[in-house]
Amino acid sequence: MLESTMALFNKILYFCGLLLFATGLVRAENDDDGVTVETIEEEQYHSPQINSKSIYFAEHFDDEAAFKKKWVKSEAKKQGVDEAIAKYDGKWEIQAPSRRILKNDLGLVLTTEAKHAAISALLDKPFEFKDKPLVVQYEVTMQEGQNCGGAYIKLLSRGTNTKADLRQFHDQTAYTIMFGPDKCGNDNKLHFIFRHRNPVNGTVEEKHSKKPNQRLDDIYKDKEPHLYTLVVRPDNTFSVLVDNREVNGGSLLEDFAPPVNPPEEIDDPDDRKPDDWDEREKIVDPTATKPEDWDEEAPAQIVDPNAVKPDGWLDDEPEMIPDPEAKKPSDWDEDMDGEWEAPLVDNPACAAAPGCGPWTPPLVPNPEYKGVWRAPLVANPNYRGKWSPRRIPNPHYFKDENPFKMTPITAVGFELWSMSPMLLFDNLVVTDDLAVAEQWAQQTYALKRTKISSDSDSLAERALRLAGEQPWLAAAAALVAFALIAGLCYLCCGPSADPDADYKKTDAVTEDDPPQEEPQTQKASKSTLEGPEPEEQTEQSDDQLADQQEEEQTDQESEPVEKAQIDTEGAGDGQRKRKPRKE
């Protein structure tokens, strides 16, 4: 009865808890000021549309026909590599992500690995670096992670102006900016490189930004879409963002290597150090001589002249002796194994003595020891310091106060090598207005992140979020949990209703004992243990003696522990039987 009552009680508590949790979910959904769990249905996604004069290029890759008209695959060969791998034969395809997030959302996928691949497209209009910032933004999904390879984009310089130029796009094609992730082994990079033209001699040099201020390992491993944004401003500052979070930033003048502006002075390449230039700050004292009493032959240690052999030292006793108890193995073959010798053991005679064997005095430091004599060092009177070439004006010096004014951009392209296939690129935009890029991301990347977050939320995570917004729900859940725990503890630790409990606690004979079928055996009596009693106390009939002898014989054949219990109480009252203990 008690068990059925507790089971019913637990079921009631369980269903009350479920009802309470469901009520909290409904209230949270219907409360205007509470939590609203936003869900993104696949049908809500549409290709982004922005009508703005600030856009120079926009590509969502959702229209394969439009993609084929705009983008051109390279037919060139990579320079400086083996002919067998020089061709740009990597495969580009428009595909849905392998992990479907939004319906009808497609991307540009590099499907092959270990192959050079290049593809490019012309801007709708050239970007001139004048008085507006450059904003470049695109998504990358490393659908199978990344072991070694890049996923960066190149903004191609003026000179790549036609589709014929795009067909010849290769690694040496001039670019103005290279931006994006790159990884090989443990070397993770997020490139921002711009090519700067020397206004004096016209040479072009790559300038590499400093490293990001935080680690970006997850973008190469989590197989999720990530948004990369580069902003270069007319005031010569820049920002690099990953998933709308700035990870790098600074100045074009100060945070690049090598720096934009060269030094005003350089070392004279024709200057040579004079032959008599002495850079030694100290020299060996030329006037020093070794003292006459300096003995370089004296040993570092000598025998202690004050040492005395301890009393009781056993000179004639060896420290180790052959084991006197050792015996040659029976299978020992002297022809094969050689002459047998007993193993050595510590000499027991040396145990109480200070030592055994020949005594030798210990060594002590030699007070006369001085070692090899060396002349001391003194200041060099001819010391002239560390030599360095003289400084001269840098013939290539210039001062570019506005490195933002880079070579105009006319095209964008991906020129890559990757050891991991299935790199997906999506939602590329080039603009001069950061707000436009943010609006573009709201229609694309933000929807993906919301959907991913919604799909990954577990029931426990939602409950915790609701509990944070609805304190009454957390308190009610705690009460229900406490009641469940209390009921469980009562079941485990409450009073027992086991009808066999008495059997486990006593050896007494009870009324409900089952009949014992096994033969009863005679228990050893006190008289048996203590010897014969007085005659008047041990007289028994002939039948009793015969029965006793028969039972004693049975006791000897049975196991003494399991079949015989010794009763030493009540001597003279006859032989008492005990009910076997239930195990």
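Keep in mind that glycine also has a Cβ here, set from the backbone N, Cα and C atoms.
Just so you know, TrEMBL annotations never went through curation; they're auto-generated.
Per-class residue totals from DSSP over the compositional bias 'Basic and acidic residues' (270-284), listed helix then strand then coil: 0 helix, 3 strand, 12 coil. The compositional bias 'Basic and acidic residues' annotation in TrEMBL covers 270-284.
Residues annotated as compositional bias 'Acidic residues' in TrEMBL: 313-322 (among others).
Residues annotated as compositional bias 'Polar residues' in TrEMBL: 518-528.
For 532-559 (among others), the entry in TrEMBL reads compositional bias 'Acidic residues'.
The region 'Disordered' annotation in TrEMBL covers 250-335 (among others).
Under the heading region 'Disordered', TrEMBL lists 501-583 (among others).
For 1-28, the entry in TrEMBL reads signal peptide.
Per TrEMBL, transmembrane segment is recorded for 472-493.
Broken down with DSSP, the compositional bias 'Acidic residues' (313-322) shows 0 helix, 4 strand, 6 coil. Here the compositional bias 'Acidic residues' (313-322) has Cβ contacts under 8 Å with residues 341-347, 349-350, 353-359 of the same chain, all six or more residues outside its ends. When the region 'Disordered' (250-335) is classified with DSSP, helix, strand and coil residues number 2 helix, 17 strand, 67 coil.
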